[in-house]
Amino acid sequence: MAPVNVKKICCIGAGYVGGPTCAVIALKCPNIQVTIVDLNQARIDGWNSEDYRLPIYEPGLVEVVKQARGRNLFFSTDIDRAIQEADLIFVSVNTPTKKSGVGAGFAADLNYVESATRRIAAVATSSKIVVEKSTVPMRTAESMRTILEANSKPGLRFDILSNPEFLAEGTAIDDLFAPDRVLIGSLQTFEGKSACQSLTNVYANWVHTDRILTVGLWSSELSKLAANAMLAQRISSINALSAICEATGANIEEVAHAVGRDTRVGSKFLRASVGFGGSCFQKDILNLVYLSESLHLPEVAAYWRQVVTLNEYQKRRFSKRVVDTLFNTITNKNIAILGFAFKADTGDTRESPAITLVRDFLSERAHVTIFDPQVDESQIWLDLSEALPDVSINQIKNQVTIAKSALSAAQNSEAVVVATEWKEFKDINWQAVYNTMKKPAFVFDGRMILDGDALRQIGFKVITIGRGDKL
Ligand code: UDX
Ligand code: UDX
């Protein structure tokens, strides 16, 4: 069987992964028609909006959509039609951590993957290559194949591939244009390898074949979990060292630089912070913990679990440092939080450490004012009500204000806390901020982005993560 020449692609799930990934595929493969579908009409309307008010913020994404939309890139809620027409289908639906039942708090909820797979089986009238794009537990491909084979029309063939996405939010377009690698997993059968070649040919339109790695299905599924777990482990390692720095007067930036200069370690992903967030790291590690436990490997499970435990500790340690520094109480004090997204250059707040900080400050009965350049106000209220299920939204709103600028957030506050590394926070008129604040005016830099010495010259008391400097 020769590899299928892919002419039409359908992507189920128009989120942070499916949207940018398939928009770039459309841009780079003008001869392939790409249709991105989603159940959520508002999301699709956003993708189709005339003024390009796309549902997600990602630098460079609007330019990609402008070039390809209407040419060979389409967004639709007509899922069945897109499935029927496609040769190849990406499944990019979300796989959140289960909230109840077996594996609650650890295992991935595969409900959406299963329902997308069942939909494909129910409506497909021709053979398809079905690609797992969502990060899934190992051997999900097998379940997908069983569902497809048991429910489809006779004579149809479904080849399942695993093609995990490694893009990071905020740099998604650059990551997709020039990926370190594209990973494609397939069954090592003749048919599996042939399907793998079909997808390889799609990426080969712009990615050098040296960078397209083809492996077995299970290796591919595990590699995605392993990559995220190892990246997160580096952050927890450096954050654990930041606690030692604060206690001893060492400087974590100097330590990270010295360690990272060893080419065996490398310098990337060693930035101490108030903790990692995002939709992937915690979820994928918990997934790995669950997998290890299911395989009766408790030591392995405990090892990975500690990466998440340390991250929780880092967030708690930081909020405690704020309280301790502000003379052991923040009750009725005004705290300005700069940044609510889980990292810079995204409006995404999933698992953002800022949520934990606000929750901790509210439990100390402080007043919190939040400013983020990209996060919608409604999203902040949603996140805070989820983080504080026992507190009514009105009570939350009594204690929290959302500001339109960093300067107005800081007005009349005792402390400014930097929770996200937005570049623009470096360029705030800090003198003006100082003038509006109560004295002594404290700045807590949870992202190591500010020039502490310049702020001290103005008169601020500055506390930076990973530094034990005297105020
Ligand atoms: C993705 C992956 O799917 C997840 O496994 C990975 O770990 C992180 O990235 P992401 O794109 O960030 O998720 O999720 P989200 O932005 O929530 O988008 C998923 C979309 O799928 C949503 O717009 C949702 O409406 C849609 N969806 C979900 C469907 O269209 N059909 C469904 O059955 C379920
Ligand atoms: C991550 C992976 O990088 C990506 O390959 C995968 O596909 C999805 O998960 P993402 O979560 O979008 O991407 O962002 P990433 O840049 O990895 O940052 C994750 C979190 O770690 C953020 O909260 C970030 O601020 C934090 N971080 C990152 C640090 O605290 N220190 C660092 O040195 C790097």
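Glycine residues also receive a Cβ, built from the backbone N, Cα and C atoms like all the rest.
For Cys280 (active site, nucleophile), applying a Cβ distance below 8 Å and a minimum sequence separation of six or more within one chain yields Thr135, Asn228. Summarising the annotation, TrEMBL assigns active site, nucleophile to Cys280.
Annotation comment: TrEMBL describes 13-18, Asp38, Arg43, 93-97, 134-135, Glu169, 280-283, Arg350 as NAD(+) binding site. Under 8 Å, Cβ to Cβ, and six or more positions away along its own chain, Glu169 (NAD(+) binding site) finds Tyr16, Glu58, Gly278, Phe342, Lys343, Asp345, Thr346, Asp348.
Per TrEMBL, domain 'UDP-glucose/GDP-mannose dehydrogenase C-terminal' is recorded for 336-452.
Packing around Gln282 (NAD(+) binding site) is summarised by its Cβ count: 21 other Cβ atoms lie within 10 angstroms of its Cβ, all protein chains included.
Filtering Asp38, Thr97, Glu169, Gln282 by Cβ distance to ligand 1 (under 6 A) retains the following binding-site residues: Asp38. Every protein chain considered, the tally of other Cβ atoms within 10 Å of the Cβ of Gly13 (NAD(+) binding site) stands at 26. Averaged over the domain 'UDP-glucose/GDP-mannose dehydrogenase C-terminal' (336-452), the predicted model has a pLDDT of 97.
Cβ neighbours of Asp38 (NAD(+) binding site) (same chain, under 8 Å, six or more residues apart in sequence): Ile12, Gly13, Ala14, Gly15, Gly18, Ile44, Phe75, Thr77, Ile79. In the vicinity of ligand 2, defined as a Cβ distance under 6 Å, the following of the recorded positions Gly13, Asp38, Thr97, Glu169, Cys280 are placed: Glu169, Cys280.
Working note on the binding-site residues Tyr16, Asn94, Thr97: by count of other C-beta atoms within 10 Å of each C-beta, Tyr16 ranks first.
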